[in-house]
Amino acid sequence: MEKLKPAIEPPPQFRLPPKRTELEVPPCVRPAVGGGGGEGENARGNARGRRGASSLPGRNAFARLSFLWENVRFTKMLRVVSWNINGIRSPLQGLACQEPSSCPTALRRVLDELDADIVCLQETKVTSEHSRIQDLYGDVLTEPLAIVEGYNSYFSFSRSRSGYSGVATFCKDSATPVAAEEGLSGVFATLNGDIGCYGNMDEFTQEELRVLDSEGRALLTQHKIRTLEGKEKTLTLINVYCPHADPGKPERLTFKMRFYRLLQMRAEALLAAGSHVIILGDLNTAHRPIDHCDASSLECFEEDPGRKWMDGLLSNPGNEAGPHIGLFMDSYRYLHPKQQRAFTCWSVVSGARHLNYGSRLDYVLGDRALVIDTFQASFLLPEVMGSDHCPVGAVLNVSCVPAKQCPALCTRFLPEFAGTQLKILRFLVPLEQEPVREQPVLQPSHQIQAQRQPRKACMHSTRLRKSQGGPKRKQKNLMSYFQPSSNLSQTSGVELPIPPLVGPLTTPKTAEEVATATVVEEKNKVPESKDEKGVRTAFWKSMLSGPSPMPLCGGHREPCVMRTVKKTGPNFGRQFYMCARPRGPPSDPSSRCNFFLWSRPS
């Protein structure tokens, strides 16, 4: 039977790879058998064989992630995907999510097309209804986004700003976690269902921990997994959106490094407690020069504090874990150590994605034993549109053992979605009472009547002046409002007539009288001379000349685009012209040239 096509096809700007099928298995793809470093080497070799000479995955990226044992025995595998979506509604804009009734269908289509057991999203930019920091521009989490059929979801919101930051984790019902927790420090952990294992955090004050976790940048879910040998183990996923260090705000660099420190301490504490750990999400740092499109132009690339922190967190595949070597591994570089131009983030303003001129900021990190023994693939999906980042993911040859009940942090248990009646006190907010204004004392009626007499006299005198007649006022031409200032100074001493407030009462005219008056008025009009018409035409042409044509860039002789300086400084707000082509490598002739021109002198 022919398979029916969906009624609504996604538009071309949101192209998702085809869904994974278990039958489409390339012959060169076979999982490695064995343990230790040998399995890692085989997996790395198989990964190179799969990708061949292609620098980026094709549309069949998900299909190439299906594996089959040499004896054609299918094994259930765990697939995780991470995506910085730059607003949870951004990927849904191209999927006809205008009405609330269509949002759950559109979001589920996105999750199903990503085809992962666990989907971790960053920068959701939504606010909880009970967070009390909503404003006009905040996007409140609604039920169609929070509760999706077939998934259980967990959200972390920013408690300091509305519509900012935030992470979310969507787990299939077949991968329901046994515990979930918001934040890294345990400050916002619930009484039941939290994960624990915080380590020694004496170097942080309680207020600092609260500030670090108040932006909604971390979410933990703990799962039970079963290995190929049938052993059950614990796996903790840390969905993280690390801060960006603005060069103009030194305090944000301090915040970023303290957040990194807290993340590493929590991950290592979980690892020491016997759990496998995966850190996935947007780390906001390109680790190696191979992970950046133009690392040579950056001063002291290796000395960046964020890169130094990653050096201490991660270990190379050939090194043994020790006191000065990190306990985690970059799964993508473990399987693709020399892959060039493997980027996950591009500048939207410069159009750098068209030429793949970006950086790799999104990672799937795992502890050494987990990556070497279970990671079968680590991939990027640059063809998935909808954000300035692309999804990244990994495939593990373990199966997930779902919990019988969702943890307390699940969004379906939030008060606004739980289906329970809320108390009216939740909707009442105390307001400051304004001082009562003094009411004016009532006056006797004869005093009020006396005050009204001058107004009546004024209206009566106006009627008398109107009845005495005078020169009739003609309708002014719009050109009269653009006279030179000299004419205005000459007429400044002339007293202008004051129009009456109330005109004389007139009786309604018949249709014949109106028509006759119109004909007489047309005959009395003075025809406009050619000189006056020419002056008026020239005036309006000068006023409505339109924008001047864009200058041509020096490299391609093509019209430029205008941009505005947004960086704080002496040139803030100034406009300039630049090449309209997307940013790319300097050696690429199709990329943007170095043309620059201020729109007007300073």
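For all residues, glycine too, the Cβ spot is worked out from N, Cα and C.
Among GLU123, GLU229, GLU232, GLU251, only GLU123 appears in TrEMBL as part of the Mg(2+) site alongside ASN84, ASP282, ASN284, ASP388, HIS389. Sorting the domain 'GRF-type' (553-602) by DSSP state (H, G, I as helix; E, B as strand; all else coil) yields 0 helix, 12 strand, 38 coil. Shown are the binding-site residues ASN84, ASN284; the one with the most C-beta atoms within 10 angstroms of its own C-beta is ASN84. In sequence order, TRP83, ASN84, ILE85, ASN86, ASP282, THR344, CYS345, LEU361, ASP362 are the residues near HIS389 (Mg(2+) binding site), counting only same-chain partners six or more apart with C-beta under 8 A. Around GLU123 (Mg(2+) binding site), the same-chain residues six or more apart in sequence whose CB sits under 8 Å from its CB are ASN84, ILE85, ASN86, GLY87, SER165, GLY166, VAL167, TYR241, ASP282, listed in sequence order. All chains included, 26 other C-beta atoms sit within 10 angstroms of the C-beta of TYR241 (active site).
Least crowded of the recorded positions (ASP362, ASP388), judged by neighbouring Cβ atoms within 10 Å of its own Cβ: ASP388.
Following the DSSP three-state reduction, the secondary structure of ASP282 (Mg(2+) binding site) is strand.
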